[in-house]
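Lifted from TrEMBL, the feature list:
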{"type": "ACT_SITE", "residues": "His133", "note": "active site, proton acceptor"}
{"type": "BINDING", "residues": "Cys141, Cys144, Cys181, Cys184", "note": "Zn(2+) binding site"}
{"type": "DOMAIN", "residues": "1-279", "note": "domain 'Deacetylase sirtuin-type'"}
Amino acid sequence: MVLQIASYLSNIRHLKKSQKTFLQIKTAAVMSASTRPSSDMAKFREIFKKAKHVAVLTDLASPIAFRQNPSLVWEFYHYRRELMLTKVPNPAHVALAEAEERLAAEGRRLVVITQNIDELHVKAGSKNILELHGSLFRTECTQCGEVKANTDSPICPALEGKGAINAKEDARIPEDKLPRCGTCSELLRPNVVWFGEGLDHDVLDKAGDELSNCDLCLVVGTSSVVYPAAMFAPQVAERGVPVAEFNLEATPVTTSFGLVNSHYCTVLSFFLLFNIKGV
């Protein structure tokens, strides 16, 4: 590991001093099992599908699924919300938040562009966050379109204790008992991007602006197979900007980048990277 770190530091020291710093991150997949909240979520998804006799995830995360059975979909997302409310940011989340604060004090900028919907970056203290796929902790009205932050636990009385993975059948909660809009009283949905839906244009435009103006890009824990995010870092690399990938396994775009860290010192690398004078 010492040689790995020494080699990585040698590469990092060649990066020019940044006036702005951009960061694309999806952290959970590269963390160890004890600090990887998303591993719990992935395990839950599989168990929930089996327990509820749901064949594929699109049966829980699509507009069609919501129209057909809003109670089951809300059970799924309610349980995800309750699970994530018990989680705390891991060292990588914290390191990135601290890096943002330190760089801001130096007149520089760090932006997190994430596909995660768990808001752990928010909990860690990051301020400049673009959530491509929305958030578990925002709701969207199906009628008036109002989007609001919501961390209520439970999100509505009828969902209290529901969504347990050992339940054999869904609760079949009446629609009028599911989360309702405080403005027009119509049905709410999670403010997340479902299968078959496009990304929010405003968020995508902001991400594009950051990509166009950054002079350093880090790719952290993303498989680089979900578009359009999969093309973000390669496009940055094409214009000659340093791009570093932090992944335990190679991705389809790994060869596009000059700096790759595929070993077990990812979190340490964050701390080292943002504490090297001049980086």
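Any Cβ shown, glycine's included, is placed from N, Cα and C.
Sequence features annotated in TrEMBL and their locations in the structure.
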{"residue": "His133", "record": "active site, proton acceptor", "DSSP class": "coil"}
{"residue": "Cys141", "record": "Zn(2+) binding site", "DSSP class": "strand"}
{"residue": "Cys181", "record": "Zn(2+) binding site", "DSSP class": "coil"}
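For the binding-site residues Cys141, Cys144, Cys181, Cys184, counting C-beta atoms within 10 A of each C-beta gives the highest total at Cys141. Of the recorded residues, Cys184 (Zn(2+) binding site) and the residue listed as 'active site, proton acceptor' place their C-alpha atoms 25 Å from one another. Residues Thr142, Gln143, Gly145, Glu146, Gly182, Thr183, Ser185, Glu186, Leu188 surround the recorded Zn(2+) site, their Cβ atoms falling within 8 Å of the Cβ centroid of Cys141, Cys144, Cys181, Cys184, which are themselves excluded. Cα of Cys141 (Zn(2+) binding site) to Cα of His133 (active site, proton acceptor): a distance of 17 Å. Residue environment of the residue listed as 'active site, proton acceptor' contains 19 other Cβ atoms, counted within 10 Å of its Cβ in all protein chains. Along the domain 'Deacetylase sirtuin-type' (1-279), the predicted structure has mean pLDDT 74.
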